[in-house]
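**Q** Shown below is the structure under consideration.
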Amino acid sequence: MSEPKAIDPKLSTTDRVVKAVPFPPSHRLTAKEVFDNDGKPRVDILKAHLMKEGRLEETVALRIITEGASILRQEKNLLDIDAPVTVCGDIHGQFFDLMKLFEVGGSPANTRYLFLGDYVDRGYFSIECVLYLWALKILYPKTLFLLRGNHECRHLTEYFTFKQECKIKYSERVYDACMDAFDCLPLAALMNQQFLCVHGGLSPEINTLDDIRKLDRFKEPPAYGPMCDILWSDPLEDFGNEKTQEHFTHNTVRGCSYFYSYPAVCEFLQHNNLLSILRAHEAQDAGYRMYRKSQTTGFPSLITIFSAPNYLDVYNNKAAVLKYENNVMNIRQFNCSPHPYWLPNFMDVFTWSLPFVGEKVTEMLVNVLNICSDDELGSEEDGFDGATAAARKEVIRNKIRAIGKMARVFSVLREESESVLTLKGLTPTGMLPSGVLSGGKQTLQSATVEAIEADEAIKGFSPQHKITSFEEAKGLDRINERMPPRRDAMPSDANLNSINKALASETNGTDSNGSNSSNIQ
């Protein structure tokens, strides 16, 4: 009878534990690989490489971004786009879902596309989205169109994830090039002379299409004014059934810009001889929402499109694109696609593992400090007077309590690691609220972001609970919909309308040679 083979006690530190998951390519694509002899990007090669989490040489990434920006710079504030066209909403760094979008909407080689902005932030593949979309813009400058969203700016990309992503995957040079390119993005599009397409919505300072054409867009979006409103405004929650007579009210959800009403939209459409407004900017459970119909045309006065399925991996929403052809509008929905996993805020595995190590270290410290009993401490301190001995005992007990508290924090971090990561992902800064971990599981269950950035609370969050509904995820993520604090924000006691009316300097008369909208066909 043969003896059983001994088990090798050595554990390899170089072999991949999960061999079924391929390692990302270490080779960075060169200019010769990305561009053909005519200087056009090979988008199929680029797509295949990015799908494997591959990267480009920095000079190649910069070339794509700057060449795309030079094309965008030549375009007008208000694009004129003919049908047929496929309109897409927010992408938010969900590159693998963007690939699904092109499967559903059609190949960019033979399909006209209009994107309504928000290509970056929140998702962990934002730079891949920018590089691929900008490469498509270089290849198809007359059939693929990109508008600016509220996240295409320095203020939000520094606050959320895009700047950090660029620095980790490439460099700050690439990030700066992206910011310059974002300044070139058009603000709106007139589709088929019937539909105004923007990211956010209307402004009390924009009454005609020429008001959009006259804006100076080549800058960081201001904290208020017509350019801000185009990117940030939303329809009222009770749009079409308003309880107020005001056309525009302060947007309390965003902390800037306005809510606009059904009468405001109908008045704008009638004044400019338009059929509807197409916009993005708000997550939708079904991927789209059609609002109350216009009384004069019988067509929805406003349509929201959102193209990031299972937004943030917790919303459980569908995504949609809008296809308009031969005066027929079709909505095509799609679900999320699998994607590689990143820890929150691009955390590395060593940082992530610290709670596990920390728990063991603090456990050892507590055990060391607990070796001495009260009797032993008392016998050692016979030489001290009563007050000194008592004080020394109290110091040691306080140290034990402090180490014990630290041990409890690390224990919560380890045991509830998944919930902690989810909560981090839903807070604006990626940091946990003060005091959450030291309070243990019960405190984590009622954690709020109050101590971090805002008065809005993340309510109902429990370590044992999984987010299952769209409304729950939207409520938890509400704080992230606000404009982050900025120095040039409008004074809280100022009148919004009077300040916006004073912004005559925002218009410079350029880009005013655009055609007026024609009658609805």
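Note that Cβ sites are derived from N, Cα and C of the backbone, with glycine treated the same way.
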**Q** For the Fe cation site that Swiss-Prot lists with D90, H92, give the additional residue from the candidates D80, D82, D118.
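**A** The one candidate that Swiss-Prot places in that Fe cation site: D118.
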**Q** Where Swiss-Prot shows D118, N150, H199 binding Zn(2+), which of H49, H271, H281 is named for the same site?
**A** H281
**Q** Out of 17-26, 327-336, 447-456, which range is noted as region 'Interaction with PxIxIF motif in substrate' by Swiss-Prot?
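**A** Per Swiss-Prot, the stretch marked region 'Interaction with PxIxIF motif in substrate' is 327-336.
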**Q** Measure from the Cβ of S469 (phosphoserine) and count the other Cβ atoms within 10 Å, all protein chains considered.
**A** 12
**Q** Sequence gap of 6 or more, Cβ distance under 8 Å: name the residues on the same chain that satisfy this around D90 (Fe cation binding site), in order along the sequence.
**A** L116, G117, D118, G149, A280, H281, A283, F306, S307, A308
**Q** In whole Å, how far is Y224 (3'-nitrotyrosine) from S469 (phosphoserine) when you measure between their Cα atoms?
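**A** Checking the Cα atoms of S469 (phosphoserine) and Y224 (3'-nitrotyrosine) gives a distance of 33 Å.
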**Q** I need the neighbours of the Fe cation site defined by D90, H92, D118. Which other residues of that chain put their C-beta within 8 angstroms of the C-beta centroid, in sequence order?
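**A** Nearby residues not in the site list: G89, I91, G93, G117, Y119, V120, D121, R122, G149, H151, A280, F306, S307, A308.
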**Q** Give, as a single whole number between 0 and 100, the mean pLDDT over the region 'Autoinhibitory segment' (407-414).
**A** 68
**Q** Residue counts in helix (H, G, I), strand (E, B) and coil for the region 'Calmodulin-binding' (392-406), per DSSP?
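**A** The breakdown for the region 'Calmodulin-binding' (392-406) reads 15 helix, 0 strand, 0 coil.
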**Q** List every residue in the same chain as H92 (Fe cation binding site), at least 6 positions away in sequence, whose Cβ is under 8 Å from its Cβ.
**A** D118, Y119, V120, D121, R122, G123, S126, H151, A308, Y311
